[in-house]
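Quick look at what Swiss-Prot annotates:
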- 63-93: repeat 'WD 1' (REPEAT)
- 105-135: repeat 'WD 2' (REPEAT)
- 154-185: repeat 'WD 3' (REPEAT)
- 202-233: repeat 'WD 4' (REPEAT)
- 246-276: repeat 'WD 5' (REPEAT)
- 293-323: repeat 'WD 6' (REPEAT)
- 339-369: repeat 'WD 7' (REPEAT)
């Protein structure tokens with residue numbers, strides 16, 4: 001058989017797979033007689049409303065000299081780590097707004113950062129394809145810098161996202177532009193498992209984000225530029241447990257729902273979607289029409305501790321607060337008083353759900369306190 005014939009057969013097989021996938025998608029839509037918001041409205045549910053005192057800026061964290069790209073809270077809720085274009089990680093006391101650590105990075109092109117469950121170390125990664133670990137309790141060197149305590153090397157592309165395994169300081173999962181996710185043993189610096197890559201059932205484009213289930217740390221979900229999200233079990237690296245096909249653009253961000261049975265995705269197609277990992281079904285689409293025809297991309301997201309609210313950052317600088325039950329925007333954080341002067345770039349909620357932190361291209365971070373909505377956050 002000639003190369004041309006092989007290519008033709010491959011193209012025909014690919015088209016058949018795509019046709020079957022579309023038929024499956026349409027069949028699922030037929031079987032789902034309603035979505036979450038439709039059912040909620042039928043039960044008489046009303047959307048959350050926000051007044052001027054329901055989400056208030058209570059702290060401004062100033063110290064970076066470049067755009068803030070990423071942030072993360074400690075589980076004990078009183079410290080934040082942020083990564084910036086200025087090539088530094090800064091650890092903040094969220095109660096006093098003071099810096100406790102300022103770490104100069106070996107590579108300034110950082111894209112992601114994470115706090116360990118104990119709060120004793122932080123991790124970051126970026127265009128150097130390495131995930132660097134810093135022990136916050138280690139002594140500084142003669143130049144006043146914190147030395148790298150461990151460099152996790154093995155990716156062949158940029159490190160786009162990292163997250164510690166819950167309740168473990170010794171294991172961490174990264175996603176990369178090399179189309180893989182990796183589970184690392186931080187103690188040895190070695191890869192425990194590689195998800196994707198040479199395996200047939202992995203992503204076929206850059207992996208942009210990972211999120212680990214808090215209720216079952218063996219499960220994590222990844223989002224990729226191949227327009228899919230995939231559910232993985234850390235005990236089975238050879239294939240994804242389930243693949244979710246619903247977006248029409250790159251999946252830039254994924255986040256588990258608080259109960260661990262669902263997760264959300266955010267995409268270049270301008271939508272966020274909620275999926276059930278048990279059935280594989282899409283439960284809801286969150287989309288805000290824009291009259292100018294230019295659809296802003298979803299770049300980051302976070303659920304409130306109850307799951308009732310979804311905070312979503314868009315490429316045009318908007319930061320919408322969605323009522324997940326009724327699929328309705330209840331607030332644009334970028335338009336409220338005392339919001340950032342630049343576009344909001346990243347966001348995250350404290351472990352107890354009582355505070356929201358946003359990072360911005362204006363080099364600052366802001367902490368927002370909830371007023372009258374503690375019952376739904």
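Placed from the backbone N, Cα and C atoms, the Cβ positions cover glycine too.
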* Compare 63-93, 105-135, 154-185, 293-323 by their Cβ pairs under 8 Å to the repeat 'WD 7' (339-369) and return the stretch that comes out on top. => 63-93
* To do: With a Cβ cut-off under 8 Å, give me the same-chain residues at least six positions beyond the ends of the repeat 'WD 2' (105-135) that come close to it.
  => 69-76, 79, 81-89, 91, 146-153, 155-164, 166-169, 172, 174, 176, 178, 184, 186
* State the non-local partners of the repeat 'WD 3' (154-185) in its own chain: residues 6+ outside its ends, Cβ under 8 Å from one of its Cβ atoms. => 111-118, 120-121, 123-131, 133, 191-197, 202-212, 214, 217, 220, 222, 224, 232, 234, 237
